[in-house]
């Protein structure tokens with residue numbers, strides 16, 4: 001029903017590991033995971049946690065195999081691999097991003113916007129930091145770190161609350177953000193999903209991974225789930 005996605009894109013690694021290990025105990029049988037693996041191969045994982053979960057599955061292994069893998073005590077360390085050379089000309093360029101925060105849900109409503117310039121290739125989190133530096137009394141924000149990256153939990157002094165089922169939803173115009181700086185196809189609740197809502201955001205990106213493009217309109221909307 002979900003085109004091969006099991007849960008959401010971030011749960012795919014553990015799901016495929018579970019299918020791999022369960023095939024040894026049920027029947028036994030071989031699960032047809034071609035469609036699910038196709039989803040993983042097409043996706044550009046950027047956060048360390050989902051990468052570490054997907055890699056074993058791609059090798060036909062699971063975390064349960066880690067204890068049986070040979071690791072000689074005298075094994076040498078892997079040599080360092082030089083990183084890619086930076087394109088200084090490209091990184092020196094800047095982009096313009098229009099950023100708006102909206103609360104029409106609780107307390108005193110507000111709708112503020114600002115235009116900021118950030119280096120090309122910057123993450124959305126950089127946009128928020130620049131906006132806060134320019135107008136700290138309006139665009140102040142707080143984040144909370146999760147294993148999947150930072151999540152915005154408060155903007156302009158208005159905090160998300162699980163009891164009220166409120167959170168800050170990030171959009172590009174009216175579309176949900178997607179990993180890698182794409183938008184418009186994810187659906188669900190947008191780029192900064194509340195932790196309890198990850199199942200409704202199959203391909204959503206967060207402020208720590210999304211890369212805005214030039215002249216993009218980013219909206220942070222205080223809403224409910």
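Just so you know, glycine gets a Cβ as well, placed from its N, Cα and C.
Given the structure is predicted, the values throughout are model-derived calculations rather than measurements.
What TrEMBL records for 8, 53, 177 is cyanocob(III)alamin binding site. Within its own chain, residue 53 (cyanocob(III)alamin binding site) has 12, 13, 14, 17 as residues 6 or more apart in sequence whose C-beta sits under 8 angstroms from its own.
All protein chains included, residue 177 (cyanocob(III)alamin binding site) registers 30 other Cβ atoms within 10 Å of its own Cβ.
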